[in-house]
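Everything on this sheet refers to the single structure shown next.
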Amino acid sequence: DKPTTKPICEQAFGNSGPCFAYIKLYSYNQKTKKCEEFIYGGCQGNDNRFITLAECEQKCIK
């Protein structure tokens, strides 16, 4: 059995990962029910990250 991963929009908001790049991306925040900007470090993190606000909203806001 494969471990089930949470749907992208339910994964932790704004997971920057351990690296030190400075990439502005968007992530869905379950607490505010909005897509918000965060800084991504460039490696690891999770799948709750989108290049544009529109892409985030299209995937996560019903």
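Please read every residue number as a count from 1 along the shown chain.
From the backbone N, Cα and C atoms, a Cβ is placed for every residue, glycine too.
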Swiss-Prot annotation, disulfide partner of Cys35 among Cys19, Cys56: Cys56
Most crowded position, judged by CB atoms within 10 A, among Cys9, Cys43, Cys56 as disulfide-bonded residues: Cys56
Which same-chain residues, if any, lie at least 6 apart from Cys19 (disulfide bond) yet have Cβ under 8 Å of it: Gly41, Gly42, Cys43, Gln44
Distance from Cys56 (disulfide bond) back to Cys9 (disulfide bond), taken between C-alpha atoms, in Å: 9
